[in-house]
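Taken from Swiss-Prot, the feature ATP binding site applies to PRO86, ILE87, ALA88, ARG89, GLY90, LEU91, GLY92, SER93, SER94, ALA95, ALA96, supported by sequence analysis.
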Amino acid sequence: MIRVKVPATTANIGPGFDSLGIALQLYNIIEVEEINFGLEINIPVEDQAYIETNEHNLVYQAMKRLFDAVNIHPKGLRINLINNIPIARGLGSSAACIVGGLVVANELLNNPLKKEEIIYLAATMDGHTDNILPAFVGGLTVGSLLEKEVKYVKMDLPTQLKLLAIIPDFHFSTKKARSLLPKNVPIEDAVFNISRVGLLVASLVTSHFENLSEATKDKIHQPYRKDFIPYWEEITSKLMKIGTKGYFLSGSGPTIMGILDGDYKNIEDEMVNFLSHFDQGYKVTVLDVCHNGLEVINDEGSNGCYR
């Protein structure tokens, strides 16, 4: 049996629309083995309303993409999915399925494709690199999907940096979130974001966290999506008052992320108490950065072959 462990991801990080992403220490596990015939997909009972267990399953679709690419098809498959990444919450659940499915398929066939080839397949399936890249390689990534390849850079983040995830109890699809965006943006808004992307990346990598309250600002996507996030203004205002260094909408939402530097317990507890007074359910959790990305797990533990 082949096992892969795929991290959650948070994308955009404010101004880095469709290009920046960070891997998080929250994981899905995918287990696959070849069987004599058919397709068997096993998922937890609580996920059965949201995840298909037939050929439309996204993990299987990713596996099939690789099988078709190399023209090798197993007789049958048993796929076990252990899902810890919340679905449709802006934490890269779809990217985890795509990345994990491609890698587990590659492993099943004794690795006919190189990592860069798999990354390209994943990015073409997802349409963007912002969640795909950190799921593969960990850390902070910036990338571009070109006609025949993906260009990217991975950067290590300071170990004291953590993310405070405020996860609503409702789904918000990427398709719906994209439908809220304008077809065109004013040049001054584009310049606003471009200037802050550079400041954001440099500040994160060099621990200049004092810049993050400004560097995470955005005029391209968050202004159009925030009205669909209950209590956005109240939550983000509270985040800054209690000591987070900056905040942003995670991916297309609805999760809101606060950036933490070091000690966080009082901030986490205060946020839980604050949110308990609203009529919208939220889960608050502190997540460490996943520095290594996806891992293939064998009987002796991780072999780390995709780092």
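Glycine is no exception: its Cβ is also placed from the backbone N, Cα and C atoms.
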Sorted by sequence, non-PRO86, ILE87, ALA88, ARG89, GLY90, LEU91, GLY92, SER93, SER94, ALA95, ALA96 residues with Cβ within 8 Å of centre, ATP: ALA8, ILE85, GLY251
Cβ-based isolation winner (fewest other Cβ atoms within 10 Å) among the binding-site residues ALA88, ALA96: ALA88
Least surrounded among the binding-site residues, given as PRO86, GLY90, GLY92, when other CB atoms within 10 Å are counted: PRO86
Listed in sequence order, residues with CB under 8 A of SER94 (ATP binding site) and six or more positions away: LEU58, ASP126, ASN131, THR174
